Amino acid sequence: MASQVSLTAQGSGLSAPLNGPEHLTSTTVENDPRLLDILSRFNREKIPERAVHARGAGAYGEFEVTHDVSDICDIDMLLGIGKKTPCAVRFSTTALERGSAESVRDVKGMAIKLFTGDGEWDWVCLNIPMFFIRDPSKFPDLVHAQRPDPATNLANPAAWWEFVCNNHESLHMAVFLFTDFGTMFDYRSMSGYVSHAYKWVMPDGTWKYVHWFLASDQGPNFEQGNQTREAAPNDSESATRDLYQSLERGECPSWTVKVQVIDPEDAPRLAFNILDVSKHWNLGNYPPDIPVIPERCVGKLTLKKGPENYFEEIEKLAFSPSHLVHGVEPSEDPMLQARLFAYPDAQEHRLGPQFSDMAAKRTGHAANDAPKTKKPAVPLQKQSREHAEWVSQVTSSSWSQPNETDYKFPRELWAALPRLRGEEFQNRLVVNMAESVSQIPEDLRQKVYKTLALVAEDLASRVESLTEEMVVPEQRPRL
């Protein structure tokens, strides 16, 4: 009987008859359990990509305490100058898919997993110190507005601008995003902000509201961002390549970790609500009439090496704002409260129910995964009635409605740009906005101009003038 040799995926031969009715119901696959195993593993080797922050790059490093902060925290990792903690960091784009270009105008993510003696502590940061919304129920609409058109799968700036025009709290971050910070870009030069207020709790139950951030010691690198955008059609991986090549050269990027602190009794007296993540904690840049919340240095985070297997070591990491350690509590910020549920739920969908046990084992930090001794939780000291009434704002019907600070913060940002970065920096904001708005229908363009006028008349007029010059003839209204 004539026969041929079939090869499995591993190159092993298997004789298979070419003819004979008795063999019609018996296949090579059925006779080779190893091939069944190979194919089944291949079918399952990919996992669902993240709903946001799908495209990423990562590295390993360590955090070192450089300043004494024992007067404001009881966090073991931060107590003791010179104390070092290993960490894994994942950088990412935000809105687009895993295969998208890194150079697109987009918010960037910086997630840090610290392997402390008390367990994993995650810092889930963005490179912009505020967020688009304060009402978590709007989050799915926000993400959908940044996705490709569901009919054509093409970029859809109209959906994005429609969202901004209908949700004015997003104007602050929108103005920031259309500066060169939106494309300033390599991962080493961007800073990271946790954005939300957290609580640092002392042993006696007293506590402070805090916001911490990582200031890049390399950046910002606007020139690199402009070069990256120009090269985007030919190089969609420039930021990842820059990170890994710098580590191979022994150039270890670092970030200075700083914290801002507010007493809970002082929070209601500020001119904005620190539980509103669409606003930033003023460092002295803007607005000029809102109190400065000083920064304090905490430590230094330094990256040392890249992963040996990105998929296993970085892509399968599960970050969440709910991964906290003793001495840290979440604030009442509604967006943060929603993320405490949404992140673990998304990770379970992506990685399976055992995702929380994987990170330390994969990254080689299993020894630090479980606390050796667990400190008892400390009851938080109760605050005044004034503070309680202030906190109740986040559950009021007016919380998701526009208020004057939604226009004040972007207005002050727009006005401060020439002072902070120069007039040309402000001019490029106008150009960047016009390039985007020129791609949307005329009726929506008019809506955008009216919305921008709520921020600043000169911003609106300058964007309108340049946009209408850019509009292609087919988009102009016919007479």
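Glycine too: its Cβ is placed from the backbone N, Cα and C atoms.
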Of the residue ranges 302-322, 344-364, 365-385, the one that Swiss-Prot records as region 'Disordered': 365-385
Region 'Disordered' range according to Swiss-Prot, out of 1-28, 29-56: 1-28
Chain-internal residues, separated by at least six, CB under 8 A from TYR343 (heme binding site): VAL124, ALA318, PHE319, SER320, PRO321, SER322
Sequence-distant neighbours of HIS53 (active site) in its chain (C-beta under 8 A, six or more apart): SER92, THR93, THR94, GLY109, ALA111
